[in-house]
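J.: The active site, proton donor annotation in TrEMBL covers A:40. According to TrEMBL, the feature ATP binding site maps to A:33-40, A:150-153, A:179, A:187-190. The beta-alanine binding site feature in TrEMBL is assigned to A:64. What TrEMBL lists as (R)-pantoate binding site is A:64, A:156.
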């Protein structure tokens with residue numbers, strides 16, 4: 001595979017995409033914060049099935065980190081990321097700087113209600129404002145036909161769909177299944193923070209969620225089931241559980257047993273916060 | 001002139017604009033709330049100078065009215081508006097319904113800081129959120145090359161410019177001079193609410209602003225000059241003055257005498273609120 005074109009400004013990005021569009025080529029965008037792993041690469045592969053050209057943005061977005069969070073230590077490894085994108089066959093890497101995305105005087109915020117209520121928002125209250133604003137900017141900069149987001153960040157996927165529907169952003173949103181290691185641990189850039197021992201504990205997150213989702217699907221009482229799941233995570237070695245919650249799969253409204261649902265969780269291992277989610281099959 | 005095409009849904013709007021774009025035609029948008037007067041028609045004429053096709057949206061946007069404001073009595077006169085657009089040579093009138101713009105479950109809000117601070121926001125705190133959100137939607141629905149906004153709503157013009165810059169909305173914003181009657185009264189749909197006697201008083205607004213701007217430009221003390229302007233408006237018959245304020249012309253930050261400024265005011269005549277603004281020439 002040839003190396004991807006690397007551009008770091010919106011004028012060059014638009015010029016390249018305009019050329020592709022003039023040639024009748026469909027363009028997919030994969031927004032990332034870099035530190036690319038197999039999960040991201042699976043998004044690139046889906047993008048290449050959906051479109052003739054794949055643009056990957058790499059931008060560690062400061063506005064979706066709270067002051068107490070890991071912005072400074074978030075892994076940055078551009079050269080390695082570009083190698084991985086070359087192997088995967090991505091056509092363009094868009095690597096804007098913070099001052100390009102948020103120039104002096106920047107003053108606009110997009111807030112998406114609906115699926116952003118609760119879950120992550122209870123613990124990271126400004127997170128989805130940061131996500132919605134940067135995603136809208138990336139969509140308006142690149143004007144892709146479609147964009148691929150991982151189901152790993154399931155609430156984010158729902159928020160981005162709502163954003164596009166509400167603002168009439170003409171971008172098709174494609175959700176991609178979570179990529180897991182052989183023990184079921186969801187791929188995440190934050191797994192890099194885990195010790196070997198913590199990694200063993202982390203693998204229990206998916207096990208507990210799968211088990212609880214199966215119980216819910218067979219009619220278990222919701223409050224007891226999610227309560228027991230949270231206790232099981234603490235017994236397994238998680239320091240703190242932010243939430244385990246069953247939600248309706250599309251709107252993230254409270255789950256009803258006759259609807260397709262999603263079981264979502266966030267929990268802490270030492271100073272690392274992990275999230276995961278699994279399907280609750282409808283009755 | 002032939003009658004404009006009338007479309008009431010985004011699919012038909014996009015199909016027509018796509019056809020024009022395929023033919024290489026530049027498209028301008030003039031967003032309005034209907035009740036078209038000579039001010040709006042001047043925007044259409046500027047649009048037709050800038051672009052080969054002019055789209056006028058007519059949508060009384062509920063989200064920019066507070067519960068206490070005049071949403072229900074805001075003048076609606078579509079047949080007359082379409083006649084005026086035909087005379088002016090506009091090519092398309094886009095007339096979506098409230099349920100088209102804000103379908104059930106709509107949950108997204110755009111907040112623009114910077115120039116939205118103070119002035120109108122002190123009295124209509126959610127107004128510019130409503131404006132920014134609907135303007136972004138209209139831009140994303142129509143994807144015009146440029147859009148024309150009147151300087152009559154000067155703070156709105158500055159907020160829309162900031163919105164486009166911050167979100168990378170690829171639409172050129174063109175500000176159009178305020179159209180006035182022979183006595184200097186700025187054209188406004190809300191002038192329809194005024195009695196003949198009130199109209200006589202309303203005409204003083206522009207006179208006082210011009211005089212005060214001239215004094216400021218010649219070095220008058222700012223606090224005294226705007227205070228006297230407010231008093232002069234009350235003496236002339238205005239019931240209440242919301243603000244008279246000098247601001248920097250682009251950012252709407254506090255004015256400095258060495259910069260181009262704008263003198264803005266809002267005042268009440270009975271139950272009707274009028275706004276106006278004039279240039280303060282730089283020293």
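Yeah, the Cβs are placed from backbone N, Cα and C, and that goes for glycine too.
Note that the structure is a prediction, hence the values are computed from the model and not measured.
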J.: Once near-sequence residues are set aside, which residues in the chain of residue A:179 (ATP binding site), 6 or more away, have Cβ atoms under 8 Å from its Cβ?
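T.: For residue A:179 (ATP binding site), the qualifying residues are A:37, A:38, A:39, A:42, A:150, A:152, A:186, A:187.
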J.: Please state whether DSSP places residue A:33 (ATP binding site) in a helix, a strand or coil.
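T.: For residue A:33 (ATP binding site) - judged by DSSP and reduced to three states - the answer is coil.
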J.: Could you measure between residue A:36 (ATP binding site) and residue A:64 (beta-alanine binding site) for me? Cα positions, answer in whole angstrom.
T.: 18
J.: Are there any residues in the same chain, six or more apart in sequence, whose C-beta is under 8 angstroms from the C-beta of residue A:40 (active site, proton donor), and if so which?
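T.: The answer is A:30, A:32, A:56, A:84, A:150.
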J.: Which of these binding-site residues is closest to residue A:156 ((R)-pantoate binding site) if you go by CA atoms: A:33, A:64, A:189?
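T.: Sorting the binding-site residues by distance from residue A:156 ((R)-pantoate binding site), the top entry is A:64.
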J.: Given the binding-site residues A:33, A:36, which one has the fewest other C-beta atoms within 10 angstroms of its C-beta?
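T.: Least crowded of the binding-site residues A:33, A:36, by Cβ count within 10 Å, is A:33.
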J.: For the binding-site residues A:64, A:156, A:189, which one has the sparsest Cβ surroundings, going by other Cβ atoms within 10 Å?
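T.: The binding-site residues A:64, A:156, A:189 were compared, and A:189 has the fewest Cβ atoms within 10 Å.
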J.: Per DSSP, residue A:156 ((R)-pantoate binding site) is which: helix, strand or coil?
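T.: Residue A:156 ((R)-pantoate binding site) sits in a helix per DSSP.
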J.: List the Cα distance (Å, whole number) between residue A:33 (ATP binding site) and residue A:64 (beta-alanine binding site).
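T.: Checking the Cα atoms of residue A:33 (ATP binding site) and residue A:64 (beta-alanine binding site) gives a distance of 11 Å.
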J.: Can you check which residues sit near residue A:151 (ATP binding site), meaning Cβ under 8 Å from its Cβ, same chain, 6 or more apart in sequence, and list them in order?
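T.: The list for residue A:151 (ATP binding site) reads A:157, A:175, A:176, A:177, A:178, A:277, given in order along the sequence.
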J.: Hey, what's the Cβ neighbour count for residue A:39 (ATP binding site) at 10 Å?
T.: 22
J.: Could you give the Cα-Cα distance between residue A:189 (ATP binding site) and the residue listed as 'beta-alanine binding site', in whole Å?
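T.: That comes out at 15 Å between the alpha carbons.
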J.: DSSP secondary structure for residue A:179 (ATP binding site), reduced to helix/strand/coil, please.
T.: coil
J.: Helix, strand or coil for residue A:189 (ATP binding site)? Use DSSP.
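T.: In the DSSP reduction, residue A:189 (ATP binding site) maps to helix.
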